[in-house]
């Protein structure tokens, strides 16, 4: 849906001499009304010659002023609350800082400590990776499976779509974390239902082996958001493709592999990227379920929980900043790998492959 | 999305094997539909069980927790609600609700204001640097928030704004939630340009076009953004955990923690009742606006 280079249409246009590149904002403001009026006249006549009305864009300084004017709040936030803090935290990552005394430059010490002297950090990385790498695929698989089920029939699917989406809205809340803990506690609903089948697991919350599966289940419970996106993607697949595959003798598995997956690959890519990045950031549920301790035995001490404890409970802000940057790099690498491999498995509609 | 050239179904019909007789097909279809409903209702039951359990559990006396894992209370009571409405630590419950409501409403106003302006600039104004800035904005979607919370905290601490609502509300007025900018940009891009072109020729500036033409047309996107902002802010835990220290200023999620920590062993009933009350506004929102929410996710891929 890209616009066919509308700039070219106007390259000899009258407003070219006030192109954005060279003129300063000050002169833009000084631009007199009469000039503007004249320009409008010129442009109007110019437009008259152009066969289509699509893609008309004036590239003058007024546009730039207007553009940055509209963007002002966003720019302030972007520079003051995102870019500035990022640079600041990059600096802090190489310091020792506790909010009360001046930051002390310690070079790479924070990073060295992380990877060589901090078993809690290593454990936190480990459980977070398990949570992300196991939880996200399960969540997406559940989302895709249910989306396909919903796509089978249109009538009546709206109710289910909404019901399944509800957990995504509330899943990260404190209330749900409290419910989850109650559900999985000793003699709670999950424990007692499993006992009916002779499975005696006891409470999941205090169990070192079961607390991560419990957290993963909480993530999978929120499969609704990617499901809704999958469903929208499935509806875009032309029915003719399935019919053509059927003619060629394809069974359901073959149709899934050769039609559904390739046609859905851009949506899968999108969901995979976002869900993976989101999974790294789990906080409130782990914090509430463990009462802020990250227990039992550090098994809910997810990356964000540990970062919070180091930075805000222990006042080791330099160390926490270093941890944050390690996460940024990890996320960047994952995003990079996904974008790189995208070429080999993601097909965009209309692309000739 | 361009469509893909595929032979028409009518032609394919010729090539397929003869279909089974019509009546058997209809019957099979009915059976499939029944199976479909059964499976989906089963999934619904599992998915919604925790919520249903929560609702029923609010009527269980505290002593029943750990004894009665089932749905129906043995001795139903409204004591939990009576106790909970009194509040905790000298702060009445309505105060936490009011705090949450205030923060959420300010967040909605701020997000709509700043995101719509930014989105208009990205979608409709051709200015130098637009491409780079748009890419940067999309980049912030993928940026883990960890990397900015520490310096942001330090900055707000320097400005002596900790223990006020400013750190929670100010970022919303500066469009830091890039999702909504993106959502509105996509929406504006789908609006035909004819009307703004006509307005431009008649001499309307961008402000005029924005307020008179675009703003009324993007109402659905604004409603979606407003609902999501409200819900996310209402649920936000880390923000108030960092910035709000005085109990009478607590929004609900932090107040909930108060109940949870103080009473988890002795008074589970109260904790569960507050949990449910805290979720209630969102559940009502969801039931009323589900179309907007689900369609918003479907078209824009919001994280939810």
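Backbone N, Cα and C atoms are what each Cβ position is placed from, and that goes for glycine too.
Fair warning: this is a prediction, and the values are worked out from it, not measured in the lab.
Copied over from TrEMBL, here are the features:
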TRANSMEM  B:33-56  transmembrane segment
DOMAIN    B:97-289  domain 'ABC transmembrane type-1'
TRANSMEM  B:101-123  transmembrane segment
TRANSMEM  B:130-156  transmembrane segment
TRANSMEM  B:168-188  transmembrane segment
TRANSMEM  B:209-234  transmembrane segment
TRANSMEM  B:268-289  transmembrane segment
Range from B:101-123, B:130-156, B:268-289 with most C-beta pairs under 8 A to the transmembrane segment (B:209-234): B:101-123
CB contact flag for the transmembrane segment (B:168-188) and the transmembrane segment (B:101-123), at least three pairs under 8 A: yes
Dominant neighbour of the transmembrane segment (B:33-56) in B:101-123, B:130-156, B:268-289, by Cβ pairs under 8 Å: B:268-289
Distal contacts, the transmembrane segment (B:101-123) - CB-CB under 8 A, six or more residues away: 130, 133-134, 137, 165, 168-175, 177, 180-185, 187-189, 206, 210, 214-215, 218, 222, 225-226, 229-230, 233-234, 240, 251
